[in-house]
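Asker: Dropping the structure in here first, questions after.
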Amino acid sequence: MLRYTCHALFLGSLVLLSGCDNSSSSSTSGSPGSPGNPGNPGTPGTPDPQDVVVRLPDVAVPGEAVQASARQAVIHLVDIAGITSSTPADYATKNLYLWNNETCDALSAPVADWNDVSTTPTGSDKYGPYWVIPLTKESGSINVIVRDGTNKLIDSGRVSFSDFTDRTVSVIAGNSAVYDSRADAFRAAFGVALADAHWVDKTTLLWPGGENKPIVRLYYSHSSKVAADSNGEFSDKYVKLTPTTVNQQVSMRFPHLASYPAFKLPDDVNVDELLQGDDGGIAESDGILSLSHPGADRRRAGRYLCRRAEALSYGAQLTDSGVTFRVWAPTAQQVELVIYSADKKVIASHPMTRDSASGAWSWQGGSDLKGAFYRYAMTVYHPQSRKVEQYEVTDPYAHSLSTNSEYSQVVDLNDSALKPEGWDGLTMPHAQKTKADLAKMTIHESHIRDLSAWDQTVPAELRGKYLALTAQESNMVQHLKQLSASGVTHIELLPVFDLATVNEFSDKVADIQQPFSRLCEVNSAVKSSEFAGYCDSGSTVEEVLTQLKQNDSKDNPQVQALNTLVAQTDSYNWGYDPFHYTVPEGSYATDPEGTARIKEFRTMIQAIKQDLGMNVIMDVVYNHTNAAGPTDRTSVLDKIVPWYYQRLNETTGSVESATCCSDSAPEHRMFAKLIADSLAVWTTDYKIDGFRFDLMGYHPKAQILSAWERIKALNPDIYFFGEGWDSNQSDRFEIASQINLKGTGIGTFSDRLRDAVRGGGPFDSGDALRQNQGVGSGAGVLPNELTTLSDDQARHLADLTRLGMAGNLADFVLIDKDGAVKRGSEIDYNGAPGGYAADPTEVVNYVSKHDNQTLWDMISYKAAQEADLDTRVRMQAVSLATVMLGQGIAFDQQGSELLRSKSFTRDSYDSGDWFNRVDYSLQDNNYNVGMPRSSDDGSNYDIIARVKDAVATPGETELKQMTAFYQELTALRKSSPLFTLGDGATVMKRVDFRNTGADQQTGLLVMTIDDGMQAGRQSGQPCRRHRGGDQRRAGKPDAAGLRRHIAPAERYSAGGGRPVAGERVQVAADGSVTLPAWSVAVLELPQASRRALACR
């Protein structure tokens, strides 16, 4: 595949073929030419009769390696490159991802987890590997993705047994087609198997296949794929390529390709012509052919195009003179603007004009088009199908949509009719200008449906909607007001842009609050399931689930079985499946058609800021698209500029899927522009105050920093943070990871404190979920029957907790578990530096968020059997205290203050309202409501069964107590600036820890914060945190006179509950302190008119 455009255009597929006519692949040579212009090497033309004629080799066509037997299916992967390789091919990493759904359910052993790569080949021969797949029946179909590791070689495919009656099929890497036989696939595979040629600038091609070959050409076809004709000859137009060197600029932009051999295209090559069809690189030497079809990836449309394209505005833009429609589609052969009426009838179709300098297409219309619906009719070569496709597609720059995102709509976001009263004057309640401002952030992560779907005090028509946040007297809004008053400053909304996986047509949806009969109507699979008898029961889905949970067990997990059917047609999804990046999601509006969602979204933002007193953060997902390819309804960008917006495998050309879905390519300039343009709309037109980037490590650091600078020009106080996990993309660019972002001011989530407090890691399963206790669940002080944690390991977890509470600073100095003086970066975290930040505002500390099990469920997994319900509630409070009283930005999941449970669900993204319930009436924490989804948690059923009934299910008393604890902690954080110092140098001067080293009292964390009033003398005593089953006496401090620091929240503790410290902390005259078990105390030492704090 060749690459070249704003970073390179990834072109075609490469195959190594051996032999031509049993001897040579070429004949006499001459100069390439074209009609009327013979011999011009820069213009693709018909080959001169005297030039080399390239032919296919004489390779035997294969038969089937194996045929499917009864209740089996067979999939062959035809590997042309392997056939001609001089060494045997290794297929050990090739595997299948297999899954059932309501319409495709013949598999007897579907793969439960995307990271499960165990379905390796059954066998292989010289033509490639094959798999024998067991079936439950010989009718229907199966879903399959062929992968190398977790990267797709072929996008999602369905094998229908009505189409392939012998259930034996073949596929080719990089090609979505399914073939009836290996012979058919083999014949189609020439030129398709690999894609390792990369067009990196206007005249440079990097291609291993051309190395040391005397004849290297780039073939081209505008109407069909480059392929041999019936005589086995390649007769399409071509240009010659000559060897060159890789310049430093290319090496810096594409470090993972820097070692590839380079070839030069003619200076006068017509790039536009090459971009709009299929291209094929062919090299020949001594009878060995290398073929690459550069058209297989239009990934980069020319740096020279991007510079001009970046300066333009896209979408439907309203001006004084009318509406300008513009779309960037440099590889398209034709684009038409299709205008639709409100009832979606075609009104007009207008050919758009291509700007050759930018690759953008545009059309100018009148102002009467405001409110009109439209789509783009594309004529474009798509490398996945290897043909010129014709289809309509919505506008990736759309600002409004029809129901279910089927049409884009022309809209003026400045229209006063789309703004609630007072919108233009709305400001953020909490300043974000300085590090000290940012350090005060306490973020409450929330999901629109989770906020109100179950709240009976919210009007029925608003439940699960944006406008639920305007229901001032509802339990949910009143609860959020209490959190805000106690110190929660920000609400973060899980994805609220346009989602791909929730149907916005209400007649196609059945939620659990609705009659079971409706579920049967919209999901026909229910009628043939074990639950069919409920279709005429008159019950709601919720009532049936409530009935089923009474007898739910690991051996008969009926709740999850029914909920899996519900999930196929309900309104629930977390939303990490972007469809249109810059339009509010329609299912959260009372009317998904057109502009209602815009005004309702703004009304919600206004209510959060004015009534709740919180700033608003938005969760954004630019690291992947929901789909790619020419056929999927939710593929948008990839239909417009095929394979430009997606990150491709540099060898096969297939779309990478390391994120979860179709990886995007923010390293490409025009996608980076789309991201920045999208963020600008959310910032200016929707008044979002911060952005949380999903899987930010898949973005280049430079792109994130560039976007931040762009958005800070619009709002200087904007805050960026995200998931800075290592994405293994560092060979391509410097990734936006935890360590790389040190000193930038951009925040990243810290897994260091998370894992130390919770115990284990996010991928634990089975007994490991119980064995791996953490600081917050008994490590070293209250071991369970399975734990193997040593005292040394428990002390190391305490070190990571201390470091996290100091803001995870790379240069913070502390005494470690062995008594050694170390910097934060020298504290080990699974082989990585424990401390990585320059300032605590670059660290987002948490012990619970939407990913993985809730904090309560993890405590339930890990707590010792003798830990009673009250102790477990206090474990939750003590765990949260590490976040709330630490120096990093505090982050927490909605419902942690209510002991929120998801009934042990590891990944509740599509587990619906049943498992994601939050009860703002404080009656039920949703614990033990059925076994979680078997596809994710089936391997955990045994351990769940052993621990789930260890203590009583929390009720109103425990939820009120935990709410009081939570508000006490947030009020403590708010009560003094010493908890939120913000600056790394200041933290290192003022924060220290006691009770450290090899002789420490296990289970006692003591942190001191000096207010700086007396240089050279300790002016504060630790916030003290004690875990364990008995009272603990902390050693004598440096100064007497300590007293308890009282948080205002204690005056309104819900239900008159005790503070987190339980019985009053005992402070002796000499300054020694005695703490109850599982408690937190903040002490202060009065000093003149100022106070210094001692925490934990």
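Counting begins at 1 with the first residue displayed.
Using the three backbone atoms N, Cα and C, a Cβ is placed for every residue, glycine included.
Straight from Swiss-Prot, here's the annotation block:
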LIPID     Cys20  S-diacylglycerol cysteine
LIPID     Cys20  N-palmitoyl cysteine
REGION    24-50  region 'Disordered'
ACT_SITE  Asp694  active site, nucleophile
ACT_SITE  Glu723  active site, proton donor
REGION    1014-1044  region 'Disordered'
Asker: Give the distance between the Cα atoms of the residue listed as 'active site, proton donor' and Asp694 (active site, nucleophile), rounded to the nearest whole Å.
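Answerer: With distance taken Cα to Cα, Asp694 (active site, nucleophile) is 6 Å from the residue listed as 'active site, proton donor'.
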Asker: Ten-angstrom check, please: count other Cβ atoms within 10 Å of the Cβ of Asp694 (active site, nucleophile), all chains counted.
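Answerer: 22, counting other Cβ atoms within 10 Å of Asp694 (active site, nucleophile).
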Asker: How would DSSP class the residue listed as 'active site, nucleophile' in three states?
Answerer: coil
Asker: Can you tell me how many other Cβ atoms are located within 10 Å of the Cβ belonging to Glu723 (active site, proton donor)?
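Answerer: Summing over all protein chains shown, Glu723 (active site, proton donor) has 22 other Cβ atoms within 10 Å.
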